[in-house]
Every structure is written in structure tokens, then in C-alpha cells.
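A.B. asks: The structure follows.
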2 protein chains.
Amino acid sequence: MTSHRTSDSADPSRPLLSDLDEDELLRQILPGLPSGPAVLLGPGDDTALVEVRRGAVLATTDAMVRGRDWLDEWSTADDVGRKLVAQNAADIAAMGGRTTALLVTLAADPATPVAWVREMTAGLAAASREAGIAVVGGDLSSAPEGTLMISITALGDVDSDPVLRSGARPGDVLAVHGTLGWSAAGLLLLQRDSADRGPDQVSYHRRPRPSYEQGPLAASAGATAMLDISDGLVRDAGRIAAASEVQLAVDSALLRDDIELLAPIVGAEDARACVLTGGEEHSLLACFPSLQLPQGWRAIGAVRAGAGVTVDGRPATGGGWDHFKD
Amino acid sequence: MTSHRTSDSADPSRPLLSDLDEDELLRQILPGLPSGPAVLLGPGDDTALVEVRRGAVLATTDAMVRGRDWLDEWSTADDVGRKLVAQNAADIAAMGGRTTALLVTLAADPATPVAWVREMTAGLAAASREAGIAVVGGDLSSAPEGTLMISITALGDVDSDPVLRSGARPGDVLAVHGTLGWSAAGLLLLQRDSADRGPDQVSYHRRPRPSYEQGPLAASAGATAMLDISDGLVRDAGRIAAASEVQLAVDSALLRDDIELLAPIVGAEDARACVLTGGEEHSLLACFPSLQLPQGWRAIGAVRAGAGVTVDGRPATGGGWDHFKD
């Protein structure tokens, strides 16, 4: 056999970040980043300049840390880049907004392969491009041995008043758009070393892709409160309940299809837990003043006077995880 | 003597982040963060909403990592919080803009004392408040053992077109506002264990405080190019030279006062090196079309046809440091 040399390197673990200077690294990364019509000034000066259409900008930030938010055994660098876009763009969508631009900070052990950074950037760029989002700036920093973290700030436009968590009123319908429990079920399968039992769920865990466009559509349809499901349906519903000073009553009969879809994959009990408390789904949860829901949304409960979240009338808690607690 | 118990704890190294849950930590941090007139929606929802006055927002991001960007022996948590504000607000000022809002991401070893995080946040909040900047959002994440990093994104308003690096023209005057070489001299003194020889410089290294308001003033005065000195006068001047396709000719006679001020503190040779190549100063460097400089600015050279940076007619390079190179 002839030994081939690829254009990069035969050994994907080389070069390392410490083999390049910052300018060389930037030359590899910057050309692949998407721009867009909102970018009045992109990377290369002291700051970027991003067009804002209606006098105010939505802004959010969310980070991923290796070993906490992903494991290299289960997620490729491309997956990580795409998931970062999803997390941040879902937050903008949940306000009824449209993400226009991202800024990206990488803090990495100098022994990190350049290929990992290039692949993560490619995933981030691809997911951004697909969603019409520009990457306008960032920062590179070295970090202690073993540390790899990426922090993203997303900026967004909103056409009217943003949809807060605090506007739900008794009588509203509680509705969801997108999957429930898929990310948690996918993680369970990875933990059980049986990814082949639910490839769609495993894929969704690695690369969640909520429908960002549903955020502005829900806002136009009169959504009174909205967020994306980051820490699980029950815990996130609790945030709307607390901010709106109402009770959110989930009807598990309306979740039957979600649970039955996952039951053969992870088991009936875990399927229910995934649907009710599984995090990182980033599907949109919203309240609407009538049963006339926008297309693709489905009712899963009702807003009542009171406090907290109930499932079939019983108080419910749970979901989420804590970054610092042992 | 009676043993006193403070409201926090007698042992400042306790509690650790791992002793608190995220909600408890947020309850300690959030109340001290400044808001402001540009904040239409602050922390607590999926995103913040920040007013933008003229159809576009300036955005930049910059991180600090313990062991790379600061050492605990030399910088308090309060210093770190203040320096983060300075780095980011100087970037906005260097566009001729005014910083309106910050988002803050903390990634920390769970064994980090809560007191450190509170103190860093207090420094960040104080420096923000002094500069009229709001803190509108953030993210908390755990990180591997020994890792402590903070990433900031700054948003800013600009009243007219931003001042880029690319507008310098032959015949312009090269001018600076603020100190030169103080941060590098302070760092040298800390490295030599002789901080008492230059307390002002050591203090400036720990807590740089450039005059952010000079950015918009320079823009109004017609600055053709501007940046803040992050990597040293020569290296940053080289960035204006490259972007503007001109030569920046520095006249060291115009830097005599800067060098003579530092010479007795760090020695004549190092004083010259600090002034010409010392980073993290965050003073503003700009080009103006005439010798009528705004108050407080002083000429240090001229813009000529050509390329690169010269000092007294000889090509000059140097300054800055690389995050990843060994």
C-alpha cells in the first residue's frame, strides 16, 4: 500500500494549538465563518458592528465545558459547535426573536489538537449558516491542562415586544413545539452503551435543532409567555409559573405520544422521566390565550390560578442539574 | 480576646462553590449588579434586551484565565473584575462608542471559594457602575480542577460611524491619550518582587482605568483611525498601519517624558521597552488629520506613505504575547 498524505496531516492529533501562533490559527478559522446582512463590521477591528432593526437588541450567553457539557467519547467537535449555536439561538427564539450574530470565546489547553478547534468551528459555522446567523467576533485564550471551553454570546432582533416568562394568565393554553425528552433519552442510551436502540434520539442529544423560526411565529400568534426547555419541562414550566404567578397544569394524557415513542427505547418509566424532566431539549414551551394554536404546536396543559406546576393535578418538581453541587 | 463571627464566615476560603446550588449563588451575586437606562430587560429571562440608539450595536468579547491573565498572588478577585471591565470597555471606546451593557460568563472549579466569586463580581460591578455600564446577563459553569476563567461580552452605542483601524491617511498625526508602559512596568516590578518601587504602576497593572469617554471625544474630533493599546504601542500601531495601508512613524523624542518617568523605577532600557512594547495598557492610540488634537491627547508621531511602524526612522516590531505558543 502507498502511504498517503492528506492536505492536513496524516495524524489528526497534530498539530497542537501550541504549534501555531494566534495569527496562524485565526487564518485557519476566520475564512469559514458566515457573515450576513446584519453585519456592518465583522471580525478584525476592536469590536463588531451589528445592525439592530427596532431600537433594542436581544443578548444572551451560554457556555459548554468539556467533561461537564459534553464528553469527547460521545460528541464530536462538530457536534459541540452545532449544539452551542442551538443553545443560544433557542434562547433568542424563546423571546420571539431572530438571532443575527454570535461572538465566540475559546479557552483551550495548548495541547488541544488544532483539528478539534477547526472541526468545532466548522460545526458552529455550518449551524449558524443554516440558521442565517453571522459570526462577528471572538477571543482565543489558553487554559490549564485538560480544559476546553467555549462561550457564546448571541445577539438578536425582535420585531415587537419580546415574549417574557411573566405574561401567562389563567385560562391560557400551555403548548409545546418540537420533541420532548429526546435529548435525555439519547444521553441515557449513550450512558447504557446502546446508542443503536435510538439513533434519532442520540443524534438529537448531540445536535439538537429546535425550530428557531417558531419563536417569532409564536410571538405573532399572541404567545403570553415562552421559554426553551433547557432543564426539563417541569422545571422550566415552573419558571413560567413563578414569573407569571400562575399554576401550570400539565396533562400527561397529552404527552402519551411522546412517552410511547420513547418507551420501547429506554423503558416506560425512564420514557416518562425523559419527557417530564429531560433537559437540553431546547423545544419551545409557551402559553397562548386560546386553543387556536399556531401550526405545529400542541396543547399539553393549561394555565390556572395558583402556583407551581402540576402533572395530572399533583404538584411536580424535578429536572435540571446543578453545575457546582457535588 | 473575643472571637467574632462575621456575617459571611470566619474562614474566607469557605464556603466553596460546591457548597451552594446555582440559585443560592445567583442570589448572592445578582443584587449587586448595576442596571442602567439602556436596560429594557435585565437578567432572569431567556435573554436580556438592551436599547440601541442608532440602528446598530457594537459588540466585543474578551476573557481572562487564571494563571494566564492573572496570578492570585498579584491580583485580588476585585482587581480581576475591574480589569475585565476595562479590557472590554476600552475596545468599545476605541470605536468611538460608549459601553452600555455587559454579559459575564464564569467557568470555575467547584472548589473555588464563593468569596472569590463574590469579590470578583463586586469589582466588576463597581467598575461597571463607575463607567455607567449595566450588567445584563451571564452564565455559570463548572470547570476542571484548577480552572477559573471569566469571559465578558460588551455591547455599546456609537453616535456616528465607528472609528475603524483603516482610516489613517498620510499627513495625519499619530497621538495617544493616557499612560504608556505603566501596566508592563507594574508587571515587571511584581515579577521582581519590588512593587514598592512603583506603586502607581503596579496599581495600574492590576486595575487599568483608561478614559473611556475619550473614545467618543476623539471620534467627534475627527479621528481617522483608533484602537486601544492591548499588545504594545508598536504592535498595535502596526495594526493601524496594516489596516490603513500606511506607515506609522513614531518619534521617540515625543515619548521622552513617558520613558523618563519609568526609568528610575524599572531601569532605562526596560522603561523604553515598556513604553514601546508594553501591553494591557488600554490607553487609546489614534490618528487625527491635524495637529489640533483634543484636550489631553499628545502627538507621538506621524502617518506617512509606506508600510509598518518605524521608531525614529527605523523599522520596529515587537510586543504582545501569544496565548498558545510554548
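Even glycines carry a Cβ here, placed using N, Cα and C.
Automatic prediction, not curation, is the source of TrEMBL annotations.
The annotation Mg(2+) 4 binding site is assigned in TrEMBL to B:Asp46, B:Thr60, B:Asp91. What TrEMBL lists as Mg(2+) 3 binding site is B:Asp46, B:Asp91, B:Asp228. Residues annotated as Mg(2+) 1 binding site in TrEMBL: B:Thr61, B:Asp62, B:Asp139. Under the heading Mg(2+) 2 binding site, TrEMBL lists B:Asp62, B:Asp91. The substrate binding site annotation in TrEMBL covers B:Asp69, B:Glu280, B:Trp321. TrEMBL lists B:Gly138, B:Asp139, B:Arg165, B:Ser230 with the feature ATP binding site. As annotated by TrEMBL, Mg(2+) 5 binding site applies to B:Asp231. Positions annotated as domain 'PurM-like N-terminal' by TrEMBL: B:44-157. For B:169-311, the entry in TrEMBL reads domain 'PurM-like C-terminal'.
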A.B. asks: Counting distance between Cα atoms, which of the binding-site residues B:Thr60, B:Asp62, B:Asp91, B:Arg165 is nearest B:Asp228 (Mg(2+) 3 binding site)?
C.D. replies: B:Asp91
A.B. asks: Taking DSSP three-state, what's B:Asp46 (Mg(2+) 4 binding site) in: helix, strand or coil?
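C.D. replies: Note: B:Asp46 (Mg(2+) 4 binding site) is coil by DSSP, not helix or strand.
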A.B. asks: With Cβ-Cβ distance below 8 Å and at least 6 positions apart along the chain, what are the contacts of B:Thr60 (Mg(2+) 4 binding site)? List them in sequence order.
C.D. replies: B:Asn88, B:Asp91, B:Ile92, B:Thr153, B:Ala154, B:Gly156
A.B. asks: Whole-number Å only: compute the distance from the Cα of B:Asp139 (Mg(2+) 1 binding site) to the Cα of B:Asp69 (substrate binding site).
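C.D. replies: So the alpha carbons of B:Asp139 (Mg(2+) 1 binding site) and B:Asp69 (substrate binding site) sit roughly 20 Å from each other.
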A.B. asks: Write out which of the listed binding-site residues, namely B:Arg165, B:Ser230, B:Asp231, B:Glu280, lie with a C-beta under 8 A from a C-beta of chain A, sequence order kept, or 'none'.
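C.D. replies: Contact set vs A: B:Arg165.
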A.B. asks: On the 0 to 100 scale, where does the mean pLDDT of the domain 'PurM-like N-terminal' (B:44-157) fall?
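C.D. replies: Mean per-residue confidence for the domain 'PurM-like N-terminal' (B:44-157): 97 out of 100.
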A.B. asks: Please list residues from the chain of B:Asp62 (Mg(2+) 1 binding site) whose Cβ is under 8 angstroms from its Cβ, counting only those at least six apart in sequence.
C.D. replies: B:Leu84, B:Gln87, B:Asn88, B:Asp91, B:Ser151, B:Ile152, B:Ala154
A.B. asks: From the DSSP assignment alone, can you count helix, strand and coil residues within the domain 'PurM-like C-terminal' (B:169-311)?
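C.D. replies: Output for the domain 'PurM-like C-terminal' (B:169-311) reads 65 helix, 30 strand, 48 coil.
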A.B. asks: Using the alpha carbons only, what distance in Å do you get between B:Asp46 (Mg(2+) 4 binding site) and B:Gly138 (ATP binding site) once rounded?
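C.D. replies: Per the Cα atoms, B:Asp46 (Mg(2+) 4 binding site) and B:Gly138 (ATP binding site) stand 11 Å apart.
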A.B. asks: For B:Arg165 (ATP binding site), which DSSP three-state class applies?
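C.D. replies: Looking at the DSSP assignment, B:Arg165 (ATP binding site) belongs to neither helix nor strand, so coil.
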A.B. asks: Which of the listed binding-site residues (B:Asp69, B:Glu280) has the least company, meaning the fewest other Cβ atoms within 10 Å of its Cβ?
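C.D. replies: Looking at the binding-site residues B:Asp69, B:Glu280, the Cβ with the fewest others within 10 Å is that of B:Asp69.
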A.B. asks: Please classify the secondary structure at B:Thr61 (Mg(2+) 1 binding site) using three-state DSSP.
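C.D. replies: Strand, per DSSP.
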A.B. asks: In this structure, which of the binding-site residues B:Asp46, B:Asp228, B:Asp231 has the fewest other Cβ atoms within 10 Å of its Cβ?
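C.D. replies: Looking at the binding-site residues B:Asp46, B:Asp228, B:Asp231, the Cβ with the fewest others within 10 Å is that of B:Asp231.
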A.B. asks: List every residue in the same chain as B:Gly138 (ATP binding site), at least 6 positions away in sequence, whose Cβ is under 8 Å from its Cβ.
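C.D. replies: The list for B:Gly138 (ATP binding site) reads B:Pro43, B:Leu103, B:Val104, B:Thr105, B:Leu106, given in order along the sequence.
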A.B. asks: Closest to B:Asp231 (Mg(2+) 5 binding site): which of the binding-site residues B:Thr61, B:Asp69, B:Arg165, going by Cα position?
C.D. replies: B:Asp69
